[in-house]
Amino acid sequence: MSRTEPAPAPHEDALQAAARHAPALHSTSLRIPATHPPRRGVFISFEGGDGAGKSTQMRMLRDHLVTERSVAEDLILTTREPGGTPLGESIRELLLHGEHVEPRAEALLYAADRAHHIATVVRPHLARGGLVLGDRYLDSSVAYQGAGRELSPEEIAGLSLWAVDGLLPHRTILLDVPTSALDERRGPAGKDRLESAGLEFHEAVREEFLELARADPERYAVIDGTRPREEVHAEVLASVAEVLSLFDPTFEPVPPPRHRDEQ
Ligand SMILES: Nc1ncnc2c1ncn2[C@@H]1O[C@H](COP(=O)(O)OP(=O)(O)O)[C@@H](O)[C@H]1O
Ligand SMILES: Cc1cn([C@H]2C[C@H](O)[C@@H](COP(=O)(O)OP(=O)(O)O)O2)c(=O)[nH]c1=O
């Protein structure tokens, strides 16, 4: 396969350009390098085990921004992986409701879903100065596909970064909940689900998420997801305050234009 090096973006400095061509590997602790920080808009991802409260907290954050901070609804995109596009919904169906998928094929399907989702939905929204709240992103691939022990977290990180051309969230919120608590929270249906992949597997997923967070404390906020929803929400708000201030000025609530004879 021939590979054409992409031309450096005009705003890149030498370090960023070097990072762009460096292998996405980090031998002992994996810190996924941000090669293309978006210049406009803000991207926040939510990670954690199945049932950790990601969709609940995304909804609460979105509602807060709309009702308390007067953010225009169409500036906030809430999305998820797998499945943030029509193609992604088909891939999601294949991955979550189909037959056994070989580990490499599974990793490629998640990466394909992500590549399409980022290029067609997330980047365009960021480019217009919007806020993207993502229910799972590439850290989920590193944690889940890397936890199966057949593929290494480094390989998965490299594949995922290639798929999205280096895009990383400004902030990743990890809702950390022990596997036993997730099991209880999800009731009998959740129990089946967790048991179907094995409690050991889910412990490994949790550990991998915590390892990713330890390796990149600037991007990650780890929040104890076992606490009541409102308390978790308050911590989410505190952990996104800094990145929201980076928001493109078009995000700031714009006062309604004053009528000429009011001036
Ligand atoms: N802080 C919390 N404490 C107890 N239960 C919660 C909390 N947050 C969410 N839940 C409940 O746990 C279940 C899974 O939550 P959800 O937000 O769908 O998780 P996820 O999106 O991570 O799968 C839901 O029944 C939800 O109402
Ligand atoms: C995004 C992503 C998800 N997954 C898994 C994690 C979940 O078990 C599943 C997504 O299911 P989903 O129902 O969206 O998760 P949740 O129960 O947390 O709301 O796909 C991966 O294995 N790799 C990935 O890259």
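Heads up, residue numbers simply count up from 1 along the chain you see.
Note that Cβ sites are derived from N, Cα and C of the backbone, with glycine treated the same way.
Note that the coordinates shown come from a computational prediction; the quantities given were computed from them, not determined experimentally.
TrEMBL lists 1-36 with the feature region 'Disordered'.
Look at TrEMBL and you will find 15-26 tagged as compositional bias 'Low complexity'.
Taken from TrEMBL, the feature domain 'Thymidylate kinase-like' applies to 46-236. The average per-residue pLDDT of the prediction over the domain 'Thymidylate kinase-like' (46-236) is 93, rounded to a whole number.
Taken from TrEMBL, the feature ATP binding site applies to Gly48, Gly49, Asp50, Gly51, Ala52, Gly53, Lys54, Ser55. According to its DSSP assignment, Gly49 (ATP binding site) is coil. Here the Cβ of Gly49 (ATP binding site) has 28 other Cβ atoms within 10 Å, regardless of which shown protein chain they belong to.
Local packing around the binding-site residues Gly48, Gly53 was summarised as the count of other Cβ atoms within 10 Å of each Cβ; on this measure the leading residue is Gly48.
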